[in-house]
Each structure stands twice: as C-alpha cells, then as structure tokens.
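Features of the protein shown, as given by Swiss-Prot:
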ACT_SITE  Cys150  active site
ACT_SITE  His283  active site
ACT_SITE  Asn303  active site
DISULFID  Cys147-Cys188  disulfide bond
DISULFID  Cys181-Cys221  disulfide bond
DISULFID  Cys276-Cys324  disulfide bond
CARBOHYD  Asn172  N-linked glycosylation site
SIGNAL    1-19  signal peptide
Amino acid sequence: MTLLMIFTILLVASSQIEGHLKFDIHDAQHYFETFIINYNKQYPDTKTKNYRFKIFKQNLEDINEKNKLNDSAIYNINKFSDLSKNELLTKYTGLTSKKPSNMVRSTSNFCNVIHLDAPPDVHDELPQNFDWRVNNKMTSVKDQGACGSCWAHAAVGTLETLYAIKHNYLINLSEQQLIDCDSANMACDGGLMHTAFEQLMNAGGLMEEIDYPYQGTKGVCKIDNKKFALSVSSCKRYIFQNEENLKKELITMGPIAMAIDAASISTYSKGIIHFCENLGLNHAVLLVGYGTEGGVSYWTLKNSWGSDWGEDGYFRVKRNINACGLNNQLAASATIH
C-alpha cells in the first residue's frame, strides 16, 4: 500500500466538521494500526505498544483541538504522533543556553548585537512576497533525527544560502562539524545559533557535509582546515519588538536563524499557524520568506525535521502576533568570506 493511499484512508476515515479536519476518537485504534504501517513503527512488546497507543490517542485529541482553533492551518497524524510533548522537545529540538562544564571558549570573536527598535521605514520598497527558495537559493530540508542539534541546522542553513547567493551554487555544509567541534555548545544536548557562528569564526571555517557527514551523535572532532568550504567573517544577534523589521534584514542579509517554542507544532501539516504556544524557547529554525495568503500575512520557516513533515519540511506562521515566541533576543545571521 502506497503512502498516498494510506493517507487517503486516514482522511476518509476522519470527518470534516465545519471545514476542520476531525478524527473520530472511537476509531483511534484503527488510526494507530494504520500509523504503525505507514511509519514502519516497531515496538518491542505489547506493553510498549499499548503505552504508545495511549499517547497516540491523546495526540489525536490534541490534533482535533488544534484544527478547531486554527482556521488557516491543518494538523494531522505524522511520524511524531506516538511521542509525548516532553519526548519531542527532549529529542527533536535542542535550543539551550546551557554551556558544557568543560567549555573552552576563545573571546576573540563575538556577534554584534543589533537593535531593531525603530518602526519600519515607510520609504523602503520591499516586495509583498519574498522567499529565498526562489531562484534555487535553499538546500534541501535536512532531518536532525533524535539529536538536539536544531541550533547547528539553523546556523548551517543560514550559511548554505549565503554561499548560494554569493556563488550561485548550492552546497551542503556540515552540521556534524559543529556537533563534534563546537566547545561552547552542547552537541546533541543543545546550543545557540549565534554561539555557533562565533565558534566558526574562531575555528576558521566550515567543511562540506560530504567531507564531514551527519551522524546525529557527538563524536571526535575531525576538522580539516584544508577542506573548509567557507569562513564566517561576522555575525549579528537581533533584538527587535516589531517583526516587520525582519523583512528588510531577511532580504539584505539572507535567512535568519530564529528561536521558537515548538511544543505545539509537531503535528502541523500545512497552512498558516495562528495559535501557537509561547511558553519557552526550545527550538531553532530558519526564517526564509514572507507573504500573504487569503488576507493572512505570514512568515515562512525552514525546519530540520525532514521533508516529510509540514509543507515539505517548511511551515508558516502568522506575522506580527509573536507566533511561537518569534519575538525574542536569539535571532541571528552572519556574513561569509
């Protein structure tokens, strides 16, 4: 049975109530068995399967509630549907300000702090819609797996697009180099994007993924400076109150690594998110564009949960409502040599 057929079965088995996707909780066992086939889930014993079903059923109820609240976004069963919220945040995010106990950090390079306090300049002629995916400036969506390396993926994603803008050529850069060699962050236990940029300035450069492939676990640092694909010349940390100020920075500086609260987006499928938790920052993503659809203005963000999540690995949130906690002091970007 193909993936498309299985998804069709799920959608037919569910019902549309007032335009919203709603699953019949009485059919939760059916949805769960289909989910197991769809995502090739394997549980070691019946006890574990029953435990996962309990979580799955709770997530179904949560999906129904989200679909009721969000009139321009759809939530659905996906690969995370048998995980609790705590499991998702522990294994699949990774934003943290904690530092390794044995941290060795050079003080030679720091990001400049940029305050975007002034209202957007009305004379700036910015396009109504913008997206760095246009003209082939974004690499494919990656999957961090069960490693809290979102910070590395967001930082590296920024640099990949900057390289494409400068050279009109896409390359995949190495998140694993940061996981193994960045002594100021905590590998799969989390980190910060601006700190990653600072550490890359200190290291001298970043290798390509083909030369330093992703493992999703911390290993011995294997930097080879003869294989650096680029170097980071400077970086910025943004402090802003008005989200609209990000539009000009996005266009002139390139994609911006952003911190969000990902607690309520795990089952996102498509559309523009209106209602999103903002209880604490825990995940890093990449701001790549903005636009308007159906009268709703939105930001487009690239995630690191694989292309089988969301809108081919991307998601959209409504602009100017601090959706998912976007208004924070951890946004960062860089420039390259």
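Placement of Cβ uses the backbone N, Cα and C atoms for every residue, glycine included.
Shown here: features listed in Swiss-Prot, placed on the structure.
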residue	record	DSSP (3 states)
Cys147	disulfide bond	coil
Asn172	N-linked glycosylation site	coil
Cys181	disulfide bond	helix
Cys188	disulfide bond	helix
Cys221	disulfide bond	coil
Cys276	disulfide bond	coil
His283	active site	strand
Asn303	active site	coil
Cys324	disulfide bond	helix
Among all chains shown, work out which of the disulfide-bonded residues Cys147, Cys181, Cys221, Cys324 has the most CB atoms within 10 A of its CB.
Cys324
What's the CA-CA gap between Cys147 (disulfide bond) and Cys181 (disulfide bond) in angstrom, rounded?
15
Can you tell me which recorded positions out of Asn172, Cys181, Cys188, Cys221, Cys276, Cys324 are within 10 A of Asn303 (active site) by Cα, answering none if there aren't any?
none
Inside 10 Å of the Cβ of Cys150 (active site), count up the other Cβ atoms and send me the figure.
30
Distance between His283 (active site) and Cys276 (disulfide bond) at the Cα atoms, whole Å?
13
Can you count the other CB atoms that lie within 10 A of the CB of Cys276 (disulfide bond)?
25
For the recorded positions listed here, Asn172, Asn303, which shows the highest count of neighbouring CB atoms within 10 A?
Asn303
